[in-house]
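In TrEMBL this protein carries:
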BINDING   157, 158, 159, 160, 161, 165, 231  substrate binding site
ACT_SITE  168  active site, nucleophile
BINDING   171, 238  NAD(+) binding site
DOMAIN    224-348  domain 'UDP-glucose/GDP-mannose dehydrogenase C-terminal'
């Protein structure tokens, strides 16, 4: 029996998964022609330009090495699908927008692993513990380290933060909730709902702590936002916690100066103007008014973003944020100068020695904050 030699691969979807995955396949398999197709003409145009539509470390070099040789980006879907020996489908798992299960139920032709739900549950668990640590004066990093020593648990995904983001966790959980509800398991559905509710609680708690610390209002105050992507080393902003934090601050009429090494100004403006569909949607997640968008400026680096700021929020764990000159930042900020850590990536005590008032998720509270309510009083 003759085995046909594979000559061409086609991937439908030129997004955060399809583009990089196919680029690596093209690099590792130079004898195979790889085509990435998408109905979005601007996205395909960007893949064929010097300014790729997404950022991942090393991706630009791989694409430049393979593009035009055995890696091609095209919006002619029908042609490349018909010619392919293997077809990959790399598009978002859609949720219903109408009728029963709107915002939750994936179309029945799609499925996702329950693994993401378990990982999200783990993140919400450590974040719930961070709230308890703040209330009791404990350090969540020490608790996580001790818990992770148990080999049945391990250390992964035990870092407290403002919450989880990305395109998969929330989507897969709400789909799981819908499946449970459809199968007559309301108690199980409510259990998984709590994972998302704790995540939303953590984000709201962070915003409330920030506002209450700054004399119960951030109206007219400049707040620097460092990091807008949902994690470091990517320009991906899907379900990033920064959107919720920014909208919460803008709801109190703060002036935001946002810096992220890879997220564009257009992307930030689109994200802050976007509606979010949830089964229990907080008011502050509604689309922003044109007036609110005007309260947002985009900075070219962290020092520009923090100049004359009243407070700094670090929301993504970019490596460059670990090595910032915080003495320089402190000198150029309004006083008292606040730092709010959504990611525990720097030495809090060193910043206190400089003169910052610090709030760090799950850490013992700064003496200033101990006398402040956890929720802003209006």
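Backbone N, Cα and C atoms are what each Cβ position is placed from, and that goes for glycine too.
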Integer Å distance between the CA atoms belonging to residue 165 (substrate binding site) and residue 171 (NAD(+) binding site): 10
Neighbour count (Cβ, 10 Å) for residue 161 (substrate binding site): 25
The domain 'UDP-glucose/GDP-mannose dehydrogenase C-terminal' (224-348): DSSP-derived helix, strand, coil residue counts: 44 helix, 20 strand, 61 coil
Integer Cα-Cα distance in angstrom, residue 160 (substrate binding site) to residue 238 (NAD(+) binding site): 20
Most crowded position, judged by CB atoms within 10 A, among 171, 231 as binding-site residues: 171
Reduced DSSP assignment, residue 161 (substrate binding site): strand
C-beta crowding around residue 238 (NAD(+) binding site), within 10 angstroms: 18
For residue 157 (substrate binding site), nearby residues of its own chain (Cβ under 8 Å, 6 or more apart in sequence): 119, 122, 123, 126
Overall pLDDT for the domain 'UDP-glucose/GDP-mannose dehydrogenase C-terminal' (224-348), taken as the rounded mean: 87
